[in-house]
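What Swiss-Prot records for Gly81, Asp102, Lys125, Asn148, Asn182 is ATP binding site, and it gives similarity to another entry as the kind of evidence. Taken from Swiss-Prot, the feature Zn(2+) binding site applies to Cys224, Cys227, Cys301, Cys306, supported by similarity to another entry. Taken from Swiss-Prot, the feature active site, glycyl thioester intermediate covers Cys248. Under the heading motif 'UFM1-interacting sequence (UIS)', Swiss-Prot lists 333-345. Swiss-Prot lists 346-376 with the feature region 'Linker'. As annotated by Swiss-Prot, phosphoserine applies to Ser357, Ser392. Annotation comment: Swiss-Prot describes 388-403 as motif 'UFC1-binding sequence (UFC)', evidence class similarity to another entry.
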Amino acid sequence: MADSVERLRQRVEELEQELARERTRRSGGDGHCGRTRIQEMSDEVLDSNPYSRLMALKRMGIVSDYKKIRTYAVAIVGVGGVGSVTAEMLTRCGIGKLLLFDYDKVELANMNRLFFQPYQAGLSKVHAAEHTLRNINPDVLFEVHNYNITTVEHFEHFMNRISNGGLEEGQPVDLVLSCVDNFEARMAINTACNELGQTWMESGVSENAVSGHIQLMIPGESACFACAPPLVVASNIDEKTLKREGVCAASLPTTMGVVAGILVQNVLKFLLKFGTVSFYLGYNAMQDFFPTMFMKPNPQCDDKNCRKQQEEYKKRAAALPTQEAEPQEEAEVVHEDNEWGIELVSEVSEEELKNSSGPVPTLPEGITVAYTVPKKTEDSASEVTVEDSGESLEDLMARMKNM
């Protein structure tokens, strides 16, 4: 019985792929890529070189070697509003391999977000995304899985693929990206990555569609998703009970694009080692506010593998050689006497300096004055008086005219 169900499932996937090709053909695409595969990236500035603008990052001193992007494999869980745009950006950047995980189908309700097109409605998101992404960049390797990672059987397969599905079979992926829209899937990814010691990044958009965030999680070094869980997770509330019929979360393509953009930017900085990698970066569209922070791991985390990773990280940190602080040389005091015979002369004479200060009062020991009051000088100009000549104003004006 199980074998027949599996065969039927495979047949359904084959028919879905065939349907995708037929719909693409009818929509005007021939289903084939517009160019052949490029074996090696080139920095040659040509209209026909899709990597010239990317390779310019090396010439401008941003990245030491952009070609390394083709040596990395990234797994994306959730190919929706954020995940599909993230996959597209990484594909255009020339990533080596993408592994896509999602069990949902494309719907017309998804059209307010980015990437998918109306003719793809009814197809699985991973297969529709793979077909489009291959046309964008045939140099990227793709591996798609159309299932729910939170089920027991599929969770084991998910762990197997992120630990063995790297660019070379048997090697782990370099990074896992969470672009899901529920806490159950986030906790599943968190559990898998803590057990495997796999670095991953989490992303999310709020239900009102005007805020979002990304978070980098390195097991043992930074907080995992269970170290400071949301209230829904901490209270063990079933998310499905919170949903109401006829009510859905809001969604803006702008917010999805911003969150996907900062996520991929953080991925590139992490993989290619340039700039500052953010451990947490938020986005509030109402105030254009981008908060950032670092979250330390919780020693009492509910995930035992997280606590285990913390202990291993402490051991690795303790084994590193300690760097002694280098003694700082004190700057030599520069005296007024010098070999060139240059002498500093004050613009104020000794007599003027003496007259500008007053007598120092007698004070108890330990008390000094900040300044003294100079003696009052008698202004001789104030004593000059002019005698009254007795002439009227008219006489004085007449005299001035005759001058």
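Positions of Cβ are set from backbone N, Cα and C atoms, glycine also.
Here the region 'Linker' (346-376) returns a mean pLDDT of 75 for the predicted model. Within 8 Å of the centroid defined by the CB atoms of Cys224, Cys227, Cys301, Cys306, the record's Zn(2+) site, lie the Cβ atoms of Asn190, Asn194, Ala223, Phe225, Ala226, Pro297, Asn298, Asp302, Asp303, Arg307, Gln310, excluding the listed residues themselves. For Gly81 (ATP binding site), the spatially nearest entry among the recorded positions Cys224, Cys227, Ser357 is Cys224, judged by CA separation. Counting only same-chain residues at least 6 apart in sequence, those with a Cβ under 8 Å from the Cβ of Ser357 (phosphoserine) are Thr372, Pro374. Ser392 (phosphoserine) counts 9 other C-beta atoms within 10 Å of its own C-beta, drawing on all protein chains shown. Working note on the binding-site residues Asn148, Asn182: by count of other C-beta atoms within 10 Å of each C-beta, Asn148 ranks first. Between the candidate binding-site residues, Cys227, Cys306, the densest Cβ environment within 10 Å is the one around Cys306. Put simply, Ser392 (phosphoserine) is 101 Å from Cys301 (Zn(2+) binding site) when counted between their Cα atoms. Within the set Gly81, Asp102, Lys125, Asn148, Asn182 that the record links to ATP, no two Cα atoms are more than 17 Å apart, and one pair reaches that distance. A 10 Å cutoff on Cβ-Cβ distances gives Cys301 (Zn(2+) binding site) a total of 20 other Cβ atoms nearby, all chains included.
Secondary structure of the region 'Linker' (346-376), assigned with DSSP and counted as helix (H, G, I), strand (E, B) and coil, comes to 6 helix, 0 strand, 25 coil.
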